[in-house]
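Enquirer: The following block contains the structure, expressed as structure tokens.
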Amino acid sequence: MAFDPQFLLNGVIVGSTIALAAIGLTLIFGILDFINFAHGEYLTLGAYAALVANVALGLPFVVAAVVAIPITVALALALDRVVFYPLRREGAGALSLLITSFGLSIILRNAVEMVWSSDPRRFDVGGAEAMAIAGVRITAVQIAIVVVSLVLMIAIHLLLTRTTLGVTMRATASNRSLALSSGVNTERIVTWTWVIGAGLTAIAGVLIGLNTVVRPSMGFGLLLVMFAAVILGGIGDPYGAMLGGLSIGIAQEVSVAFISASYKPAVAFTIMVVLLLWKPEGLRGADT
Amino acid sequence: MSDDGLLEVRDLNKYFGGVTAVDGFDMTVERNSITGLIGPNGAGKTTVFRTISGFHDPDGGKVVFDGEEITGKPVYEIVEAGITRTFQEARTFPEMTVFENLLVGKTGHRGEKLLPTTAGPKAYAEDERAAVEHADQLLGYMELAEKRDQRADRLAVGERKLLEIARALMTNPDLILLDEPMAGLPSDLTTDIVDYIERIREERDQTFLIVEHDMDTIMNICDSITVMEAGQTIASGTPEEVRNDERVVEAYLGEESA
């Protein structure tokens, strides 16, 4: 049976957006040691912020996408201040934070549905005509999605390795008390991590909405896939999240060539479980 | 007791639930000295260390550093004021390179400020360049330059101790708290670390406060020793004075017979 490279391409498109969103999730886990169930809603809110700017206010799509970033970041910071920070200060455990974020996720998702209804919506943007390149069909929008994702992943790499902020973020994730003793204001690092994590997730939401549709459940629907990407890559490891996101996206889409598309999530999780049985420390565990 | 020490700890109290860990503890660390803090297990040495460095808020008393009260300030502000600490198990950031481990200790941390209104990109670049230079200079000083780009978890235990001291120096401290710097080291490496501590005191005008169980080392390296038992100061003075103090002898005999 000849394999259609179209599936691989679809996988790269989906995988790169999952990877972006998963980086935010894993960075927050690394710094704060808790799994943020509301992370999917940040993705949804990023998409809706851009949708309002684009469709309701009539701003050009690119401007709307850029506007969505500070809005989502502001929201994530406000929620940290009002919800997570007080819990952290009182020494709440990871489980309390997890359940709280789960509740927050439901509240946010319902709020989005109340305001914008559950109808799927689309961005007002062109570039949806498919071009045929080397035997695969791809739209200008899809090329943009992959390029933007890759550029952002490279930017994150440079931030983490070439700037003291990035080095300090990694240090805080690695050993918080040692970072404190080195003079790092770790609460400020937490703030930066929300800024970067929520910013990337907002962009991921916009890109996913661009590739498919914007709807209230979009972020929550992807949450388990993002978890899979994070776990696959080794929890707290941003490079692992990139690799995990791409792997899962590609695996899901390629599976469509062999079995029904409705089994995509099962494929993602089967791969995750099998890989973890083989390498319990995650995909990148081998180089340690 | 003189009142012009670099570090003055006065009437310090710390409780955990109903348990008194530190009970009116007093100590002075003179400028440019190597001061030891000793006492039987459970005397409260670790709690004193953690309170001075800001990891615990005291329940009473005060800590004055260089004339400024630092009681209960957050850890990073105490580091900024000039006190840094090491940990007994030679903590490093294992998955980062030796050089990156040092960069974490850079002073100022201007890059962390969300809105660097006071400093433009030029000042930021200058700041980063100075940090890199400082880190490389310290790696040379601690003879770790060859290991610069190796991951910290590849270092031998002695090298990790040196890296911790280098990271401490990176914060431009006046006082370095060493928590059992000799723990887990073979005797030849202990001699090495002692040499480094004495050299750093001489050449870089540093003050050290050391908690250590290795009595030979403590007696040999310290100018002054404070002895604590059950959260209180029971003696302080030169190693000679402390060694012959009746209460000290008793405290340690008590531990041995327990």
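Cβ atoms are placed via backbone N, Cα and C, with glycine included.
Pasting the relevant annotations from TrEMBL:
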TRANSMEM  A:12-35  transmembrane segment
TRANSMEM  A:47-79  transmembrane segment
TRANSMEM  A:140-160  transmembrane segment
TRANSMEM  A:189-210  transmembrane segment
TRANSMEM  A:217-236  transmembrane segment
TRANSMEM  A:256-278  transmembrane segment
Enquirer: Counting only pairs 6 or more apart in sequence, are there at least 3 Cβ pairs under 8 Å between the transmembrane segment (A:189-210) and the transmembrane segment (A:256-278)?
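Expert: Touching, no - the transmembrane segment (A:189-210) and the transmembrane segment (A:256-278) miss the threshold of 3 or more Cβ pairs under 8 Å.
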Enquirer: Give residue numbers and ranges for long-range contacts of the transmembrane segment (A:256-278): same chain, 6 or more residues beyond its ends, CB-CB under 8 A.
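Expert: Apart from its flanks, the transmembrane segment (A:256-278) reaches 3-4, 7, 10, 224-225, 228, 231-232, 247-248.
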Enquirer: For the transmembrane segment (A:47-79), could you work out the same-chain residues 6 or more beyond its ends whose Cβ comes under 8 Å from its Cβ atoms?
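Expert: Distant contacts of the transmembrane segment (A:47-79): 38, 104, 112, 116, 121, 123-125, 191, 194-195, 197-199, 201-203, 205-206, 208-209, 214, 218-219.
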